[in-house]
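Trainee: Sharing the record's features from Swiss-Prot:
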DISULFID  Cys54-Cys73  disulfide bond
DISULFID  Cys71-Cys85  disulfide bond
DISULFID  Cys71-Cys73  disulfide bond
DISULFID  Cys77-Cys84  disulfide bond
DISULFID  Cys85-Cys92  disulfide bond
DOMAIN    50-98  domain 'SMB'
CARBOHYD  Asn78  N-linked glycosylation site
CARBOHYD  Asn161  N-linked glycosylation site
SIGNAL    1-21  signal peptide
Amino acid sequence: MWRCPLGLLLLLPLAGHLALGAQQGRGRRELAPGLHLRGIRDAGGRYCQEQDLCCRGRADDCALPYLGAICYCDLFCNRTVSDCCPDFWDFCLGVPPPFPPIQGCMHGGRIYPVLGTYWDNCNRCTCQENRQWQCDQEPCLVDPDMIKAINQGNYGWQAGNHSAFWGMTLDEGIRYRLGTIRPSSSVMNMHEIYTVLNPGEVLPTAFEASEKWPNLIHEPLDQGNCAGSWAFSTAAVASDRVSIHSLGHMTPVLSPQNLLSCDTHQQQGCRGGRLDGAWWFLRRRGVVSDHCYPFSGRERDEAGPAPPCMMHSRAMGRGKRQATAHCPNSYVNNNDIYQVTPVYRLGSNDKEIMKELMENGPVQALMEVHEDFFLYKGGIYSHTPVSLGRPERYRRHGTHSVKITGWGEETLPDGRTLKYWTAANSWGPAWGERGHFRIVRGVNECDIESFVLGVWGRVGMEDMGHH
């Protein structure tokens with residue numbers, strides 16, 4: 001390390017000019033505007049001192065990273081246009097800096113006062129009294145490092161930044177974007193309906209419900225930051241099944257809000273709910289269309305009460321129900337109540353699920369969502385190991401429910417065949433493949449084949465004629 005005695009200060013301008021004259025021509029460093037002239041100053045930073053670095057004359061490698069730029073600890077930096085590190089004068093020359101100290105912290109070319117804040121994705125950074133930033137260290141739902149690792153890892157699917165998730169922590173994603181409570185042991189042990197393939201019956205290698213039943217399979221909705229996948233997936237499957245089983249005479253998009261607000265027995269609305277309770281309500285009480293009772297979009301309201309139920313019905317005989325209230329949406333007059341028959345559980349064999357789906361329509365599936373699923377952009381999803389070496393708080397999962405709409409196969413570059421399900425999520429059309437995703441089939445990936453439900457829409461001849 002070189003330190004300049006105070007007696008040599010008068011020679012410093014001359015040393016700077018000599019160093020400049022020794023160069024052949026003028027390089028980028030000479031032509032660039034000085035850091036401090038651009039207002040890039042961090043008087044509280046310890047740069048030269050941290051590295052014990054002071055250099056004579058001009059030494060372009062006597063440099064350090066500095067607020068997105070480069071600063072120097074050599075005598076040449078102290079020319080008319082200065083690019084010295086902020087502690088150069090104090091540490092190397094033993095004199096006060098020629099620039100007034102900043103009362104605050106620098107970020108993005110802007111000065112923040114002490115206790116001022118800015119957000120770095122999901123983490124809040126606060127300016128401390130020592131003029132240094134202190135940032136939270138929460139795992140973010142959108143993790144650029146994880147996106148990069150997945151896309152470079154050849155896992156068979158692509159990751160990306162879903163803008164609606166930017167700024168959310170991973171914990172918030174698990175709490176607000178899922179919402180299906182894992183069924184009790186008694187429900188998980190409910191009797192399975194086994195579907196038997198006929199002798200010689202061969203299922204197609206690819207199937208999509210929207211191709212067999214055009215205009216009867218509804219597009220995904222967006223649950224927002226409401227932990228209500230239990231209501232959204234139930235309403236989605238019931239909507240398609242009622243449309244299919246009525247032969248297209250009834251094509252409602254059923255209301256998740258009707259379930260969220262009115263199915264309150266052991267249910268928690270936007271704080272989570274159970275699938276068995278949702279299907280009981282649809283069978284015994286029924287719901288109206290989403291146009292009649294639209295989603296209110298309440299988000300992250302953990303402390304407040306659930307929106308009150310604004311739709312009620314009465315028995316008409318033979319199990320049918322009739323609405324006793326007008327639509328919450330005053331622009332809609334049709335308040336018809338839609339119901340289903342008792343829900344049934346399918347076997348976990350993928351062939352049984354495929355046959356049921358092809359004959360009767362989309363099915364509902366429980367699944368475990370891991371931290372990387374939120375980043376899904378396209379391809380055939382399987383949970384990746386990219387977070388295995390990180391602390392446990394970066395490896396989170398929760399229970400979700402979705403609508404399976406079809407299946408297919410894809411030939412990999414090495415010649416292997418990869419089988420997959422196609423499914424509709426409830427995170428809106430901007431997520432994944434237009435609101436849908438593909439996931440590996442036949443190996444119970446993320447438990448998606450462990451608890452699969454089907455149901456029949458309650459449709460009578462009077463319904464067919466009425467509609």
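Note that the numbers count up from 1, one per residue, in the order the chain is shown.
Glycine residues also receive a Cβ, built from the backbone N, Cα and C atoms like all the rest.
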Trainee: Fill in the CA-CA distance, Cys77 (disulfide bond) to Cys71 (disulfide bond), as an integer in Å.
Mentor: 8
Trainee: Near Cys92 (disulfide bond) in space, meaning Cα within 10 angstroms, which of the recorded positions do we find among Cys54, Cys71, Cys73, Asn78, Asn161?
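Mentor: So the list reads Cys54, Cys73.
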Trainee: Fill in the CA-CA distance, Asn78 (N-linked glycosylation site) to Cys54 (disulfide bond), as an integer in Å.
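Mentor: Here the two Cα atoms lie 12 Å apart.
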Trainee: Among the glycosylation sites Asn78, Asn161, which residue has its Cβ surrounded by the fewest other Cβ atoms within 10 Å?
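Mentor: Ranked by other Cβ atoms within 10 Å, the glycosylation sites Asn78, Asn161 bottom out at Asn161.
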Trainee: Can you give the mean pLDDT for the domain 'SMB' (50-98), rounded to a whole number?
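Mentor: Mean model confidence (pLDDT) across the domain 'SMB' (50-98) is 87.
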Trainee: Whole-number Å distance between the CA of Asn161 (N-linked glycosylation site) and the CA of Cys54 (disulfide bond)?
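Mentor: Each residue's Cα considered, Asn161 (N-linked glycosylation site) and Cys54 (disulfide bond) end up 43 Å apart.
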Trainee: Reported as an integer number of Å, what is the Cα distance between Cys85 (disulfide bond) and Cys73 (disulfide bond)?
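Mentor: About 6 Å separates the two Cα atoms.
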Trainee: Hey, of the disulfide-bonded residues listed (Cys54, Cys85, Cys92), which one tops the CB count within 10 A?
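Mentor: Output for this query is Cys85.
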Trainee: DSSP on the domain 'SMB' (50-98): how many residues come out helix, how many strand, how many coil?
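Mentor: Computed counts for the domain 'SMB' (50-98) are 12 helix, 11 strand, 26 coil.
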Trainee: Distance between Cys84 (disulfide bond) and Cys71 (disulfide bond) at the Cα atoms, whole Å?
Mentor: 5
